[in-house]
């Protein structure tokens, strides 16, 4: 009211065309805006950030820091002095061609310094975890660089490892690790992406020559979006329909050379550029046509099936469906790395946006009072802190996914496929939403490419569709859950896979009224997530069964039941993420860490309850309880707010890999920076 009265006096003076003596006395000049580091203005940290970082990153902290330092030391990584700090970030003013060439030079620099040693020839879980850790660091610098490396090692190299046998390993793995050859992965076609079984490229065996003939029979069969193909790749694994003695044996993989050692395109190969993209222009995506290209019989990757010299098809797996499933099982590594990288992208944007909101002020709420920090506005807290809590939960989930993949076995193939599909979709969707919110939360500064967030939206958008369209992956999750449900009911035995063991217990009952203590309890949070997954699985099974009873095929019934299927896939993913967060929290001994992790877990669960209409749609929450949830989310925001700086500092991302607005944004935009 003081401010209102003051404004009324000023307006009255103008209208009466005279000045009150007191008016001038109430106007004060505002001091220039200055930057105060949040480390000075914020409360001391209530928990040890290095311990939290160890919990978040999970492994190979020393290797990560070594690679961070290696990149900062080289001019290839575009170091720039802004506001008294050096930042490394790709120069997106470069043309597409320049971005591709600098990406290749960065790979050569990392190769020369031993960054890739053991990535394909190393043995055991330790080697695999180190590879994951170093790729995550590369991802923090530049998505294009990580994808270019990932295609070479995880897709081309992974195909040799998992689809090939000793003859392929001996010939190709070390040469790949040392970049004596440059590999790409030709699966996607113009006419077929997610539906791998429908690809049209053919590989026909000729017994009289002992060769396969690879052919692109029509324009829709051209290989499309093949990373590395446009400029640099010398070899590819080409996925084709195998024809032996007039019989189609389904999709198989073949090693095919596409360029010679001088970079010239091989005979009977045609390659075109996919062109400029909304992001990832450091990756040379290309299109490939094969005009009856001949390759030796030994180039068939034959761990699942083989063709004898006299033209007999050989496989220990007789069922074509099982053979196809076994064939594609190793490809989950791509979904694992995408899910993990999405979490690190969200961490970058949140670290930048939250640090900026702890130093940027806007408007005062008292007459002549100081302007408020952005993060002191409850509305700003509500925008960023739930995303921060979700990112913590998903970070623990991504660590669980990596360990699950590392421990892979034939018995775990189904679980890895389902969990990696669910997490890839959920975590990449979360990342894109986080990037958008953080971009807006930084105002106009979020538009500048040097501040990273706006540019990252274009760089990471592709994650929603490559290595499997997110919506298709979630439908696969629901189908797998339904198959497990039908099998358990048919056997009349307990559920024992895919985290469905909770369905062996009695159905959870949600209290009619939810107090704050209940909403924050692990028991309630488990119960309501389990109730949702259980009920939706029952509904999905009933709906599919009903359509089948009316004459629909199983596949047709799946298609028309998509709405419940989408809700079920999300329920499975959320429940698995919650279990990962609870496990991480239970493994912590330090009380201060436990306390903040409990707040973050509660925020993750309650904001999920608030945002997902399924909880109201299917009656898991009453409208009164939904209101209680919303009120509790606001309370949690105010409790997490004092720990915001500590929480983003725990991400362990060096200052150089953030952006100028995360630090002294006044100095970074001063006239002296223009002159220099």
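Placed from the backbone N, Cα and C atoms, the Cβ positions cover glycine too.
Automatic, uncurated: that is what TrEMBL annotation is.
Using DSSP to sort the residues of the domain 'Acyl-CoA oxidase/dehydrogenase middle' (184-293) gives these counts of helix, strand and coil: 6 helix, 54 strand, 50 coil. Marked as domain 'Acyl-CoA oxidase/dehydrogenase middle' by TrEMBL: 184-293.
Sequence-distant contacts of residue 188 (FAD binding site), defined as residues of its own chain at least six apart whose C-beta falls under 8 angstroms from its C-beta, comprise 223, 224, 225, 226. Residues or ranges marked as FAD binding site by TrEMBL: 188, 227.
Per TrEMBL, domain 'Acyl-CoA oxidase C-alpha1' is recorded for 331-482.
Look at TrEMBL and you will find 467 tagged as active site, proton acceptor. Under 8 Å, Cβ to Cβ, and six or more positions away along its own chain, residue 467 (active site, proton acceptor) finds 331, 334, 335, 338, 424.
Residues annotated as domain 'Acyl-CoA oxidase C-terminal' in TrEMBL: 529-658.
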For residue 227 (FAD binding site), the number of other Cβ atoms found within 10 Å of its own Cβ: 26
Composition by DSSP (helix, strand, coil) of residues within the domain 'Acyl-CoA oxidase C-terminal' (529-658): 108 helix, 0 strand, 22 coil
